[in-house]
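Q: Annotation comment: TrEMBL describes Asp24, Glu211 as Mg(2+) binding site. For Asp24, the entry in TrEMBL reads active site. Annotated substrate binding site per TrEMBL: 25-29, Arg37, His41, 69-71, Trp73, Arg75, Arg192, 198-200, in sequence order. Residues annotated as active site, proton acceptor in TrEMBL: Asn72.
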Amino acid sequence: MNSYCDKWNLNPLKLPRHVGIVMDGNGRWATKRMLPRISGHHKGVERVQEITELCGNLGIEALTLFAFSDENWRRPEDEVGGIMGLLRWYIRKEHKRIVEKNVQFRVIGDRAKLSPDIIGLIENLEKNTEKNTGLHLCVALSYGAQREILRAVHKVINKVQNSELNIDEIDEKIFEDSLDTQGLPPLDMFIRTSGELRVSNFLLWQLAYAELFFDNILWPDFDSLKMVELLQMYSLRERRFGRTSEQLAEKTLNMALR
Ligand code: IPE
Ligand code: IPE
Ligand code: MG
C-alpha cells in the first residue's frame, strides 16, 4: 500500500503510469499581477518541483513536462534568455535532490539548439540519475513532436539502409523505440492548463490513447490539490481501447487491456 495514495484518497491501481503536462499560462499569471512575464515562469518552476515530488510519492512511473517548445524560440530574446536562466538555476538547485529522490531525469527535444553550458548541466544530471529506479522525469525542451517523429523516421531509415532492419519488421514498437520517449510507459494522461484547447505539437504520436484533460487554471496556480482532483477524475474514466463496456466488465483491470 502507498500511504500517499491513502492520504489523497487515490486508488493506486487506477492511477496513470505516464502523465504529460503542457504547463501553460505563466505569462498571463504574471500580467494579471502587473508583474513581468518572467516572474510567472519563476513561479511555474516552483510548481514543477511540487508536482514532480507528488507524482514520485504517488508511485506514478513517468511525468513528461512541456517546458519550452520548438516554437517558443520565436519569443522575444529577453524572455527566451530569462527562461534559459531559470532552467540553469533549476537544474543546479535541484540536481542533488533529484539524484537523492531516485528520479530518472531525461530531456527530450532538439538539445543542439541549447547553449553548451545548459547541455552540460543536463547531460551531467542524466548521467547521475541513469541508475535510479524511481519516477522518470522527462522535460521537453526545445521540443516539437513533428520534429521528434521526423528524427525517428530518419533513425529507422538508417537502420534499414545499414541492413539492421527489414522494412517488413517496422511496426509500432520499432517506431516507438526510435522516439525521444523510448522506454517510457505509454502516455495515459494529458493535461493542459490555462484553458487553451490545443496540444501545440506535444507528444503527437504518444497521445494516441491518452485521456485528455483541459483546465482553466494557470500553471503557476497548479498545486498538489488540483493534480489530485484531476487524478481522481482520471480514475473514473473508462478506457476502452476500442472494446465495448461489456467486454471491459469481464476484466478487472483496464490496464491489462492495452
Ligand atoms: C507557458 O506559459 C510557458 C512557456 C511556454 C515557456 P506561457 O509563457 O505560454 O504563458 P501565457 O500563455 O503567455 O499565459
Ligand atoms: C506550449 O505553450 C508550450 C509550453 C507550455 C512549453 P505555448 O503557450 O507556447 O503554446 P501556444 O503557442 O499558445 O499554442
Ligand atoms: Mg502560453
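Glycine residues also receive a Cβ, built from the backbone N, Cα and C atoms like all the rest.
Note that the structure is predicted; figures quoted are calculated from it, not measured.
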Q: Which one of these binding-site residues has the most other Cβ atoms within 10 Å of its own Cβ: Asp70, Glu211?
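A: Result for the most crowded candidate: Asp70.
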Q: Taking ligand 1 as the reference, state which of the binding-site residues Gly25, Gly27, Asp70, Trp73, Glu211 have a Cβ closer than 6 Å to one of its atoms.
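A: Correct list: Gly25, Gly27.
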Q: What whole-number Å value do you get for the CA-CA distance of Gly25 (substrate binding site) and Glu211 (Mg(2+) binding site)?
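A: Cα-Cα, rounded: 21 Å.
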Q: Say you check the Cα of Arg192 (substrate binding site) against those of the recorded positions Asp24, Asn72, Glu211; which is nearest?
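A: In terms of Cα distance, Arg192 (substrate binding site) lies closest to Asp24.
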Q: Under a criterion of Cβ-Cβ distance under 8 Å and sequence separation of at least 6, what residues of the same chain contact Trp73 (substrate binding site)?
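A: Correct list: Val80, Lys113, Ser142.
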Q: Reported as an integer number of Å, what is the Cα distance between Gly27 (substrate binding site) and the residue listed as 'active site, proton acceptor'?
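A: Here the two Cα atoms lie 13 Å apart.
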Q: Can you tell me how far the Cα of Trp29 (substrate binding site) sits from the Cα of Glu211 (Mg(2+) binding site), in Å?
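A: That comes out at 26 Å between the alpha carbons.
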Q: Under a criterion of Cβ-Cβ distance under 8 Å and sequence separation of at least 6, what residues of the same chain contact Asp24 (Mg(2+) binding site)?
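A: Spatial neighbours, sequence-distant, of Asp24 (Mg(2+) binding site): Arg192, Thr193, Ser194, Glu196, Ser200, Leu218, Trp219.
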Q: Using CB under 6 Å from any atom of ligand 3, narrow the recorded positions Asp24, His41, Asn72, Val199 to the ones that qualify.
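A: If the test is a Cβ under 6 Å from any atom of ligand 3, the answer is Asp24.
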Q: At the Cα level, what's the spacing in Å between the residue listed as 'active site, proton acceptor' and His41 (substrate binding site), rounded?
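A: The residue listed as 'active site, proton acceptor' to His41 (substrate binding site), Cα-Cα distance: 13 Å.
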Q: Determine the minimum-neighbour residue: among Gly25, Gly27, listed as binding-site residues, which Cβ has the fewest other Cβ atoms within 10 angstroms?
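A: It is Gly27 that, of the binding-site residues Gly25, Gly27, has the fewest other Cβ atoms within 10 Å.
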